[in-house]
Amino acid sequence: MKTAGEPDRRRQRRQVRTGRFSCAWWSTSVMLFFSLPEGNCMKESLPRVKLGYKDLIHSRSVVPFTGSSEGQHFQTVLLDEERSRLLLGAKDHVYLLDPDNINKHPKKLSWPASRDRVEMCILAGKNPLTECANFIRVLHSYNRTHVYACGTGAFHPTCAFLEIKGHKEDRWLLLHSNTMESGRMKCPFDPNQPFASVLTDQYLYAGTASDFLGKDSTFTRSLGPPPHQQYIRTDISEDYWINEGKFISAHPISDTYNPDDDKIYFFFREASRDGSTTDKSVLSRVARICRNDVGGLRSLTNKWTTFLKARLVCSIPGPDGVDTHFDELQDIFLLPSRDEKNPMVYGVFTTTSSIFKGSAVCVYTMEDIRAAFNGPYAHKEGPDHRWVEYEGRIPYPRPGTCPSRTYDPHIKTTKDFPDEVISFIRLHPLMYQSVHPMTGRPIFTRINTEYRLTQIIVDRVAAEDGQYAVMFLGTDMGSVLKVVSITQENWSSEEIILEELQVFKNPSPILNMEVSSKQQQLFVGGSDGLVQVSLHRCQIYGQGCAECCLARDPYCAWDGTQCSRYIPASKRRARRQDIKHGDPSSHCWDTEDVLGRNVEEKVLYGVESNSSFLECVSKSQQALIRWFVLKPGVDHRQEIKPDERVLITDRGLLIRWLQRGDAGSYFCTSQEHRFTRTLLHVSLHILDRGQINAHQPAIRESSENPAVTEPRQRYKDYLRMLSGPARSLDEYCETMWHREKKQKQKGKWKHVQELRKSRNRRHH
């Protein structure tokens, strides 16, 4: 009999065996790290462009919310593009902003926890700054004028209705205190606890811990129109329904055109213990319940009678059937498709090991998810109580099926289910088959980086050669990765990190992200503030067609004069773009100057036996930099190879001590996607050291003479410093720093003297 999670032989390389987590996990992790298959895992690409916070400010592509302050904890964002409003849930406050201009007349509603609750929270040993406050975790549009909101309330969750009054130019928030109610099973106690909720048809579905200690994990339905306002929740008597769950996301998705068959899908991770060992592992799950589930009649009263769950697998297939797993689900994003019943499911996963650190993005189809729920059930059997495939009789109607008169006129609600259906689903909530990525492996991975992926937003972009799903991935270090995965002609995928953006002034974990495709903006919330980031900044790629084409950014194209936003409906004929291959030679006219004839020649003088540095930095971190030199009297260029005297760095070429034979023309070239161009052309002239030393007495004499003009004196001082024996770069910089400081002090003293003279003139 097969164990739950174990595949048939045909799928053995794609699925994982339950019970692999044992005391040998440490050695297994190390083995997996060194046996990772070649492919998109180990050959990870660098971000093509890396921009810091100052770079984003300079390019005007980031706008920080000026009304925020340190420790505000912006982890709840509600974007309503239809009504043009942006609500932020923070510590003790709710903000109402205009998404067109987040700093234009922002409105702030104060909603702190009561003093008694704060004192009790502190007495319970919680942190008064980061825990004992009202952190807003729930913001859902209830109708056109009201928002349902919940906060942690200093470990005493509280919910209420907020009303948005006024018009767009003069709106404000009003808290209806008479609607305040307990937020238990609607909102977490702990502000740092993962949590998921969705409000649809006036019902609130929430996955959270329902107790102070955070042990009782439950998925609950509450609110609703009268008289259907009773709680429906998961069964806590059996820990194999949800065991120490951490909820990530919840979404209403229709399975068929029959509204009675509509379901709520929610994603979470939980602790899983196999019966053969006491070790606990973390597994990611997708679960679903019917929206018309009202609980059982005699059993499972006020509890879900259609609850089913299946494992989400995100792994890299390895040799001998040993896969590298990313088991901790961090975030989920549903990318809509033409068929609203079949969105693409994007998930961010991380590893559970502290030795092997990694993150991955896997994509799933609703077809595969539904196939798992329509497949065999799992069953605990044997002395070790392992989950195995259930091969017995399945009662009618099939457990997990939504009640509908279309299927059976005798079953109108879940209270009409036979007792054997209720008993079966109570003991068999887990499906036997796991859900695997549509590509069989992650579409994007990060291994042993200083950060981990925590958030994901996906935007579908129309380009010249097709449509692309551009991913914006938030990290726990405050950066956002802009990534596109391209499928080539041979069906192999290529991951491209277009940009790495440091969106916060002070790096901190990204807590939430929302995208506005209408405004082409990304709203990013963190512990200390919120920023608005543009989805594209085409002008930073360069001033030529080739540079714009090499960027491979679906948002950008060459319009004949500059790199600008690509608009599919544009009537411009000179749109140049190649996302799939990034080959400017077939799209641009400025690709023939490989020898750099059009690059401006710079002249540089160096002194024999001194060092010289030729700076050359490519805008692209993915480009291969190569150096060439054309010596006098030689008719062809020679590539420079590093040795003990010549060093090639990421910033340029360093010649540690110059020789007479180093004179010549130096070329810095950049090669990217089989396209080569010249970035720098320097003509290096070597000055004879003996001649420089012969002029040193004259230089000293002229430098001591105050009658010598300042420009001439500074130029001679430069020559004097360059001619010094084996002067290091630090010594050179220190000398220049002292000289500039002395000149500033001299100028400042001269200015003070002039002021005193002018004052004396006034008094006399």
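All residue numbers here begin at 1 and follow the chain in the order shown.
Using N, Cα and C of the backbone, Cβ positions are placed for all residues, glycine too.
Now, the feature entries from Swiss-Prot:
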DISULFID  Cys121-Cys132  disulfide bond
DISULFID  Cys150-Cys159  disulfide bond
DISULFID  Cys290-Cys402  disulfide bond
DISULFID  Cys314-Cys362  disulfide bond
DISULFID  Cys538-Cys556  disulfide bond
DISULFID  Cys668-Cys733  disulfide bond
DOMAIN    48-535  domain 'Sema'
DOMAIN    661-740  domain 'Ig-like C2-type'
CARBOHYD  Asn143  N-linked glycosylation site
CARBOHYD  Asn490  N-linked glycosylation site
CARBOHYD  Asn610  N-linked glycosylation site
REGION    743-764  region 'Disordered'
SIGNAL    1-41  signal peptide
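The number of other CB atoms found within 10 A of the CB of Cys314 (disulfide bond), across every protein chain shown, is 28.
Sparsest Cβ environment among the glycosylation sites Asn143, Asn610 (other Cβ atoms counted within 10 Å): Asn143. The DSSP secondary structure for Cys132 (disulfide bond) is coil. Asn610 (N-linked glycosylation site) carries neither a helix nor a strand DSSP state and counts as coil. Of all the recorded positions listed here (Cys150, Asn610, Cys668), Cys150 has the Cα closest to the Cα of Cys121 (disulfide bond). For Cys556 (disulfide bond), the nearest neighbour among the recorded positions Cys132, Asn143, Cys150, Cys314, judged by Cα separation, is Cys314. The 10 Å shell around the Cβ of Cys362 (disulfide bond) contains 27 further Cβ atoms across the protein chains shown. Of Asn143, Cys362, Cys402, Cys668, all annotated as recorded positions, the residue with the shortest Cα distance to Cys150 (disulfide bond) is Asn143. Listed in sequence order, Asp261, Asp262, Lys263, Thr306, Cys402, Pro403, Thr414 are the same-chain residues at least 6 apart in sequence whose CB falls under 8 Å from the CB of Cys290 (disulfide bond). All protein chains included, Cys556 (disulfide bond) registers 25 other Cβ atoms within 10 Å of its own Cβ. Across the structure, Cys538 (disulfide bond) and Cys132 (disulfide bond) are spaced 44 Å apart at their Cα atoms. For Cys150 (disulfide bond), the count of additional Cβ atoms within 10 Å of its Cβ stands at 30 [all protein chains shown]. Between the CA atoms of Cys668 (disulfide bond) and Asn143 (N-linked glycosylation site) there is a gap of 61 Å. For Cys132 (disulfide bond), the same-chain residues 6+ apart in sequence whose C-beta sits under 8 angstroms from its C-beta are Ala113, Val118, Cys121, Ile122, Lys126, Ala154, Phe155.
Nearest to Cys159 (disulfide bond) in space, judged by Cα atoms and limited to the recorded positions Asn143, Cys314, Cys362, Asn610, is Asn143. Rounded to a whole number, the distance between the Cα atoms of Cys314 (disulfide bond) and Asn610 (N-linked glycosylation site) is 56 Å.
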